[in-house]
């Protein structure tokens with residue numbers, strides 16, 4: 001059984017999520033201890049348990065320690081089950097997108113349909129529009145297709161969002177994403193939920209003003225939803241090049257003007273573009289597991305603590321070589337084979 005110290009590296013939920021994904025894919029059981037030991041509320045929290053539950057259902061796994069506050073978990077997977085429907089409610093504003101990242105690599109070609117309720121646009125995780133505009137589009141470039149249906153948005157703290165992910169299929173193989181290529185267009189989605197529509201317009205316009213200096217077409221849509229459980233706003237952007245995509249997002253909050261939200265996302269996007277990387281900071285972390293499974297190389301905008309932690313966990317499950325050139329927290333090249 002693979003032994004994992006949950007306090008290693010960034011010491012958060014990423015260690016658990018990566019371990020769950022690779023355990024289900026490889027069939028290797030693991031024991032993780034010191035879960036989130038250095039966090040203010042140590043141990044498993046509800047949204048972590050839903051990641052465990054989802055992967056348990058997918059693989060018919062045996063578990064021990066899967067309860068709120070537990071600092072140790074044993075996870076023994078069996079064969080991945082296909083042709084199933086799974087309902088997950090991560091509660092209030094628990095991150096829907098972190099659940100998607102955990103389960104998606106394990107359900108390729110398995111005919112699994114997952115309905116996830118919780119927070120679609122919450123702090124400390126990619127927004128659902130980033131997932132749609134960037135994550136899924138880059139996966140398409142490496143041979144993976146998925147259908148994502150955003151039914152309701154959920155913001156912190158009320159949540160109430162709902163997403164369905166299904167038809168995850170493909171024939172992924174080794175990939176090389178070493179440059180963005182010529183920038184062709186910037187796409188985006190500026191949204192509001194249960195707030196005035198002009199907020200989405202102001203976010204869009206302020207982002208557009210900064211991005212116009214890049215000299216490429218800009219297509220930002222607005223998504224205005226009234227009657228949602230939670231109130232909130234945000235914007236996600238995708239700079240689409242001939243070979244890859246760079247993304248960024250920003251969320252509104254009480255007291256934060258809509259213009260600041262749009263400017264913030266645009267500045268993050270420009271900062272990522274200026275690194276000359278092939279993928280942004282979010283994808284630098286998320287792409288590593290796919291490169292580890294299928295072989296791949298890419299240039300990430302920043303070598304984050306999440307990426308570094310991911311590397312060490314991946315090496316416990318897979319007999320691969322990870323060649324990384326670059327120092328935290330700067331641009332880096334990853335080659336995994």
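Note: Cβ is positioned from N, Cα and C throughout, glycine not excepted.
Taken from Swiss-Prot, the feature active site, tele-AMP-histidine intermediate applies to 306. Within the same chain, residues at least 6 positions away in sequence whose Cβ sits under 8 Å from that of residue 306 (active site, tele-AMP-histidine intermediate) are 10, 14, 285.
The ATP binding site annotation in Swiss-Prot covers 101, 282, 283, 284, 285 and is backed by sequence analysis. For residue 284 (ATP binding site), the Cβ neighbour count at a 10 Å cut-off comes to 26, with all displayed protein chains included. The DSSP secondary structure for residue 284 (ATP binding site) is helix.
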Please state how far apart, in Å and to a whole number, the two most distant Cα atoms are among 101, 282, 283, 284, 285, the recorded ATP-binding residues. 13
